[in-house]
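Peer 1: In case it helps, TrEMBL gives these features for our protein:
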{"type": "BINDING", "residues": "Asn443, Asp445, Glu492, Glu497", "note": "Ca(2+) binding site"}
{"type": "DOMAIN", "residues": "313-406", "note": "domain 'Transglutaminase-like'"}
{"type": "REGION", "residues": "1-26", "note": "region 'Disordered'"}
Amino acid sequence: MSETMSTSEENKLPLNGRRAIPPNYSNDEENEVPEMEAFGLIPRGFNPRDYLRVVDIYMFKEPYEINKQEHHTDKYYNPKLIVRRGQAFQIQIDFNRPYKPESDQFWLEFLMGRYPQQNKGTYIPILIGNVLKPGQWGAKIIHRENNSIRLSIMSSTTCIIGKFRLYVAVLTPFGILRTRRNSATDTYILFNPWCQLDAVYLDDEKEREEYVLNDVGIVFHGNVEDVKSRSWSYGQFEENILDACLFLMDKAELELSGRGNPIKICRVASAVINSRDDNGVIAGSWSNMYDYGVAPSAWTGSVDILLEYYSSKQPVRYGQCWVFAGVFNTFLRCLGIPARLITNYSSAHDNNANLRLDFFLDDDGKVDTRLTKDSVWNYNCWNEAWMTRPDLPVGFGGWQVVDGTPQETSDGMYRCGPASVQAIKHGHVCFQFDAPFVYAEVNGDIFYTRIEKNGTQVVENIDTTRIGQLIVTKEVGGDGMMDITEEYKFREGSDEERLALETAVMYGVKKQSIQDTTYQPQTDVDMDFQAQKAVLGNDFKVTITFRNKSRNTYNATAYLSGNIVFYTGVTKSEFKKHSFSAKLQPSSSSSFDVVIKSSEYMSDLLEQASFHFFVTARINETGKILAVQKAVALEVPTLRIKTKGELVAGKETSVIVEFTNPLKQTLENVTLRLEGPGVLRTIKKQFGRIPMNSTLTWEVRFTPMRPGLRRLIASLNSDALRHVYGELNVQIQKP
């Protein structure tokens, strides 16, 4: 054995006692396919040229030709044939002479990976028949002319997704003759939401256009009182993106044979999108320090990130939740799985999944940051992917939550999902994967607990409505917001909601009962907190209102704490402390204004320009504590984008990006980015500084490639100011 197999190639095979062939999880690797596979000894006079021989194969792979048109793949910027599974496509074979069905026999072979095997779906021989059966591999001749035949080929609806190599095999008496390896005939096969038998079938054409074919989207951010939106370029059809997405499955070491299953693909992708524990695509950073990388807020889309990862094979720095979700969405839509980006406002990050977020107060009613471990994210973005769930009981298919943001480990890796939205709504959190975690993100209660000197815990206040009070996604066919809260939960306080909660608890979601703690709230006084619209760099005021519903006069000692926070609810610094006393007359309301000066917050401001106010008040007569918290996001200036002259495909034109610095300080280290899927590749430009009140103008010349309605997206990033965006819809005319 050692003498015959001494080549380095054979030594590398990681054979072991458990498997006959090594693991097969690279779509890129190939095996050698013999052009002549002899049945035995070949007689001396044998000349392969005497037999039927393939001269050429024509794939109809141009965007305007039948295959890409009928398979909705004409937008892919890729020269090879791309089709969707379970739907017929056509190829033409030119032979050296007319094909004679009575004596000639040939078949097609689709191969994937280095160890093709028929039972694994990586070697697919297709014989020529008379009829095509729906959802099964087959081929039939639909046209014959001179030396050419045209075939209609049907792929299986459970076929694996990826890039196949095509060979044509011809039978001769002495062996099989095959075509030479030709990468021009490589065929990509994708999921097919247009096919009723596919696991990702979606029955609404407008939804398919949005969730599969739309290459730009909207990310909703800010907070529940002040919803903000920005565009994101998914760019799933851009050059090399399809190959980059297939590479992610290789990177995640998903066996080729498992790649026909959207559940498996989503599960491994949610782990490989983040760099924790597997050197995946994006390194997360929530520190406001982005040395040697790009600030998460500066990205305008997924393309740069995926292409950088595909070429460097190293995590791209840096991302936060909307970046993970944006890239995940590109991956799913690119492979043909319908997907959408979701924002959950006031998202609970509960460190022990007990549906209870504990905010601990000290004796004065101030939040004790040392003891408080749970946090409420102003918003969290994740994705939903559309598929059937044959692994669950009937009724739990449809939208599934998948989340690439690294928050908690699941089966030992940072990943989340797919979890059925329907199961989350009804509390059936026993169904895989990670439903309890998502259930807690949208359903927790906030407990304000005061710890007395002797260590007793007294619950002062319970807020049951704040967590997950608004869950949204982009509307179909427009840029507006669609409220999908009701898909995740029943109306707050309804019987169905209580029943879903009891079901979730029965299935093991931990919920501490209120009986465990002493809780007697102050019911006859309400406290409310409102903030004036706050513009970055300006002063604004906040108002605390007490409503005394009793017949008693009360005296309250109130404390306001203003904190600069990451959007994850984690405090960076307290910039405002304000205590005051309030006399509350019976059956009346009283309001107190507090002015927040820009000089108090500007020096410490973080990129999301987000504040978190805690107000606590002790009623002196009863010793009871009222507590309220609120997130306030500042209005950030926007970029202006305009075009010069008319926009015609193939003709050079220019676009102008403008920005006026509204701050009372000079902006340093300014970077602008501009991109538009199908219009122009990302362009970056560095500017040293922008003095206060001055305007920066940047003109970019470019040549739009394709006609149609397109979108330009720009971002500005600097040391003192981030999350500045601009966008413009442009209509590109036909030449």
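For all residues, glycine too, the Cβ spot is worked out from N, Cα and C.
Automatic, uncurated: that is what TrEMBL annotation is.
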Peer 1: Can you list the residues of the same chain, besides Asn443, Asp445, Glu492, Glu497, whose Cβ falls within 8 Å of the Ca(2+) site's Cβ centroid?
Peer 2: Thr464, Thr465, Ile467, Gly468, Lys489, Gly493, Leu501
Peer 1: Run through the Cβ atoms and count how many others sit within 10 Å of the one on Glu497 (Ca(2+) binding site).
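Peer 2: Excluding its own Cβ, the number within 10 Å is 17.
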Peer 1: Looking only at the domain 'Transglutaminase-like' (313-406), how are its residues distributed among DSSP helix, strand and coil?
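Peer 2: Summed over the domain 'Transglutaminase-like' (313-406), the classes give 15 helix, 41 strand, 38 coil.
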Peer 1: How many other Cβ atoms sit within 10 Å of the Cβ of Glu492 (Ca(2+) binding site)?
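Peer 2: Excluding its own Cβ, the number within 10 Å is 11.
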Peer 1: What residues, ordered by sequence, lie under 8 A Cβ-to-Cβ from Asn443 (Ca(2+) binding site) and sit at least six positions away in the same chain?
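Peer 2: Ala348, Leu355, Ile467, Gly468, Lys489, Leu501, Ala504 - these are the non-local Cβ neighbours of Asn443 (Ca(2+) binding site), listed in sequence order.
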Peer 1: Kindly state the mean pLDDT of the domain 'Transglutaminase-like' (313-406) in the predicted structure.
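Peer 2: Within the domain 'Transglutaminase-like' (313-406), the model's average pLDDT equals 90.
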